[in-house]
Amino acid sequence: MSQAYSSSQRVSSYRRTFGGAPGFPLGSPLSSPVFPRAGFGSKGSSSSVTSRVYQVSRTSGGAGGLGSLRASRLGTTRTPSSYGAGELLDFSLADAVNQEFLTTRTNEKVELQELNDRFANYIEKVRFLEQQNAALAAEVNRLKGREPTRVAELYEEELRELRRQVEVLTNQRARVDVERDNLLDDLQRLKAKLQEEIQLKEEAENNLAAFRADVDAATLARIDLERRIESLNEEIAFLKKVHEEEIRELQAQLQEQQVQVEMDMSKPDLTAALRDIRAQYETIAAKNISEAEEWYKSKVSDLTQAANKNNDALRQAKQEMMEYRHQIQSYTCEIDALKGTNDSLMRQMRELEDRFASEASGYQDNIARLEEEIRHLKDEMARHLREYQDLLNVKMALDVEIATYRKLLEGEESRINLPIQTYSALNFRETSPEQRGSEVHTKKTVMIKTIETRDGEVVSEATQQQHEVL
């Protein structure tokens, strides 16, 4: 072959390592292509075939750059070969290079297909997560917009109903308390009146006892006077008898004296003396009888008047006592009726208090249950918000990872689509491993998103980015 064969072949292999964290920088090494270069002399000349192997790495100096290609010479092999006119060329090295190139291209196709499959699966997963995220966001918005409002309306409505019932029960209790106070006032007034009536009864009984003592004293005085009257009557009768006896004796004496006068006419003054004595005795007896009768009549009249007065007072006291007894009986019946009414009202009040306490406890249980439901809904909302925040973080991480993969794919596509002449025209500069290690750097971006919630509602949301150069 008279024309020198000089071409640049590109041998590259895609070796990527995907980690679990989504924020891998773009500056990680992606491939290590090997660039063989063979030089063939012309016919009739002696030349050497030189092949150099370069290690190319992609580094990123920023967040979105495609990177730069760096090549370092690993070794040089020289194979002497002389071609003359009419001599057979040795294509063993070219065949080996072509075979290696075909193998590398086949491996690259397989790896590209696997990467495409993985990327398609990853995109499907991202779409699924986005759908889940949208569904969760819609559910969060629905819960945020409807459920708390409905629960709040139900809670407020039930609370208003409970307050209305409490007001009704409070009014009923106030009315019952007023009635009870009125009944207690009536009872106190009746008790005071009863005490007054009891005092009046005691005074009447004391007066009656005093009147009884007076009546007894009057009765005793009357009996004494009756006895004295009887004794006086007996004395009068006795005096009458004595007077009659004396009169009879005097008459007998007078008769004897008359006989003696008749017989003896010498005593004419005796009859006159007897007549004077009889007259004196009759006058004295009549005076005594009249005085005794007047005294007896006056005493009997006084005793009769006192007895009548005492009988009238006793009858009046008995009548008042009967009236007091009737009043006491009526007051006792009224007090018993008021006691029964008070007992029934107290029983109704206790029943109302028990029912009010049971209803209040039931309302408190309902309020506690509603508050527990509200707290549970708030916890559910907070949990959904946390899940939503986690999904947002995952989405952001996935977006960053997708952008990273997109930039990687764009860089690889731009690198693959470059013509071979571009790679042959590259000015590879040889660097040492120490210089490569000092020049290779990566940039790591960490995004921190802070969402503050209060009572299940988003209060504030802040995003912070931190850049680290590795």
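Just so it is clear, glycine is given a Cβ too, placed from its N, Cα and C backbone atoms.
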Residue carrying phosphothreonine as stated in Swiss-Prot, selected out of Thr17, Thr149, Thr463: Thr17
Annotation match for phosphothreonine in Swiss-Prot, from Thr76, Thr103, Thr442, Thr453: Thr76
For the region 'Interaction with NEB' (268-415), residues assigned helix / strand / coil by DSSP: 147 helix, 0 strand, 1 coil
Model confidence over the domain 'IF rod' (108-416) (mean pLDDT, whole number): 79
